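Just below is one structure, and these are the notes that go with it.
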Amino acid sequence: MAVSSCFPLAARCSLLLTAALVLALSHEAHGHAGAGAGLSSSFYDDSCPSAHDIVRRVIQSARVANARIPASLIRLHFHDCFVQGCDGSLLLDNDLPAIMTEKEVPANNRSVRGFDVVDDIKHALENACPGIVSCADILALASEISVELAGGPRWSVPLGRRDGTTTNVESANNLPSPFDSLQTLQEKFRNLGLDDTDLVALQGAHTFGRAQCQFTQQNCSAGQDGETLVNLDTVTPDVFDNKYYGNLLHGRAPLPSDQVMLSDPVAATTTASIVHRFSGSQKDFFKNFAASMVKMGNISPLTGRAGEIRNNCRRVNKKPY
């Protein structure tokens, strides 16, 4: 619409433009990766300025007792964002008939962990800033802090997510699997607005932590229980670095879904060059990992008046059903 045609009907045009802006912002707030509407790294600067320090203190303490905790916390953030956006739905326990937990789907059952640490973080935040910091933001902050404590990059975490009041078990059943082909992984990432660079970078989180041997390429040794843990990175299992990509180049990635980024027939024209790039430059990997984490953290956040700030990360706030 030309400006000259608006002038005689300024009030009407103003309303139309305002309505269009509201519609655009609403669409953006519920978009996929890269949207991040309403999120800001300074979101808690006034309402809970100590939020980052509190989360860091709890994780540092938990890490002393269990070196696996940083990798476990970042995995919670992944598995939360990949279901119905970064809304903390993975943290909800069963509360039937209203809530069916995502924790018991095959990709999560007896596998995802660290919920007790999230509880401790939430308790500490509620003592300092009651009703302010969402569980979804706890996962985002905990991921960045966990990576940094393990020697990885730092990044500015966009904050301001609110917590969902529903789960999505059907979507959780379609989480990326250790046995997915490269094309299947690419499709699952692409459906959330994540490209091949994001895929290779985010898979790099397997540079620390453990996996059950039943999910590995070699499977379990004779007599081993299927839940026996193996290091994802045999070189530096508790350090966040780029050694993971060197393992891929030598065919030593424990998870089949990691090795396919080199071995799958479509890898040569898609992901293989990125693996080589990150293997040759930790700085390049760190830069892209941080950018991809922000991008993933922007998947369909609830902001404004959507959702709620849970008092307990395991349950929606009490309300009649």
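Cβ coordinates come from backbone N, Cα and C, glycine included.
Computed from a predicted structure; not experimentally measured.
For Cys86, the cysteine that TrEMBL lists as its disulphide partner among Cys48, Cys81 is Cys81. The disulfide bond recorded by TrEMBL for Cys48 reaches one of Cys6, Cys129, Cys135; that cysteine is Cys129. Partner cysteine of Cys313, as given in TrEMBL, is Cys135 (from among Cys135, Cys213, Cys220, disulfide bond).
When the C-alpha distances from Asp241 (Ca(2+) 2 binding site) to the recorded positions Arg75, Gly85, His206, Cys213 are tabulated, the minimum falls on His206. Take the Cα of Cys129 (disulfide bond) and measure to each of the binding-site residues Asp80, Ser89, Thr207, Asp233: the nearest one is Ser89. Those residues of the chain, other than Asp80, Val83, Gly85, Asp87, Ser89, Glu102, with a C-beta within 8 angstroms of the mean position of the Ca(2+) 1 site C-beta atoms are His79, Cys81, Phe82, Gln84, Cys86, Gly88, Leu90, Gly164, Thr167, Asn168, Ala172.
With respect to Pro176 (substrate binding site), the closest of these recorded positions in Cα terms is His79, chosen from His79, Gly85, Cys135.
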